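These notes are about the structure you will find just below.
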Amino acid sequence: GAIIAGAALGFNVHQTVLKALGQVSRKIAIGVDNESGGTWTALNAYFRSGTTDVILPEFVPNQKALLYSGQKDTGPVATGAVGVLAYYMSDGNTLGVMFSVPFDYNLYSNWWDVKVYRGRRRADQAMYEGLLYGIPYGGDNGWHARKLGYGLKGRGFMKSSAQSILEIHVTKA
């Protein structure tokens with residue numbers, strides 16, 4: 001993982017991350033821009049399917065963006081890159097970010113969501129399911145936005161391809 005200036009987050013940065021992952025059939029470059037006014041501290045990443053070779057950036061200051069990536073497990077296995085990230089925010093709440101790049105596009109599509117949870121909460125299967133079965137956004141090559149509560153709003157975009165990009169901006173409402 002890495003931290004960059006929030007204003008620098010864009011599709012060229014994501015493409016660089018995807019290229020670094022090599023010839024993996026299911027992979028995702030994730031960028032989350034912190035414009036919340038506070039600092040975020042990494043709690044953990046939970047993978048329902050797949051893995052990563054990078055470390056979740058520990059701190060994300062205001063006006064900076066975190067870069068992260070996920071990929072299917074190596075070898076001839078039927079897995080995608082599916083999971084959730086959790087960051088503890090300086091306001092005492094937790095930001096959860098769910099991503100899903102499935103193995104089988106005959107049955108599934110790309111999905112993503114972002115939510116603020118009250119208090120401190122680590123990413124786990126329950127957080128993943130809550131975000132997936134709540135009101136997630138499809139990875140449909142379009143921008144989506146909603147209020148997150150706690151004075152914040154989220155706006156994001158996800159590609160529909162198996163080599164996907166997820167870009168999220170968390171700002172003051």
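Backbone N, Cα and C atoms are what each Cβ position is placed from, and that goes for glycine too.
In the three-state DSSP reading, TYR128 (phosphocholine binding site) counts as helix. Around the Cβ of TYR128 (phosphocholine binding site), 22 further Cβ atoms fall within 10 Å across all displayed protein chains. For SER49, VAL82, SER100, PRO102, TYR128, TYR133, the entry in Swiss-Prot reads phosphocholine binding site.
Summarising the annotation, Swiss-Prot assigns region 'N-terminal region' to 6-25. A mean pLDDT of 73 is what the model gives for the region 'N-terminal region' (6-25).
What Swiss-Prot records for 100-115 is region 'Trp-rich region, which is important for the binding to lipid membrane'. DSSP labels the residues of the region 'Trp-rich region, which is important for the binding to lipid membrane' (100-115) in these numbers: 0 helix, 7 strand, 9 coil.
Over all protein chains present, the Cβ of TYR108 (site 'Important in the initial contact with the lipid membrane') has 13 other Cβ atoms lying within 10 Å. Here Swiss-Prot flags TYR108 as site 'Important in the initial contact with the lipid membrane'.
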Pairwise Cα distance for SER100 (phosphocholine binding site)/TYR108 (site 'Important in the initial contact with the lipid membrane') [Å, integer]: 9
Shell list (phosphocholine; ref centroid = CB of SER49, VAL82, SER100, PRO102, TYR128, TYR133; cutoff 8 A): ARG48, GLY80, GLY83, MET98, PHE99, TRP111, LEU132
Phosphocholine site span - longest C-alpha distance across SER49, VAL82, SER100, PRO102, TYR128, TYR133, in Å: 16
Cα distance (Å, whole number) from TYR108 (site 'Important in the initial contact with the lipid membrane') to VAL82 (phosphocholine binding site): 12
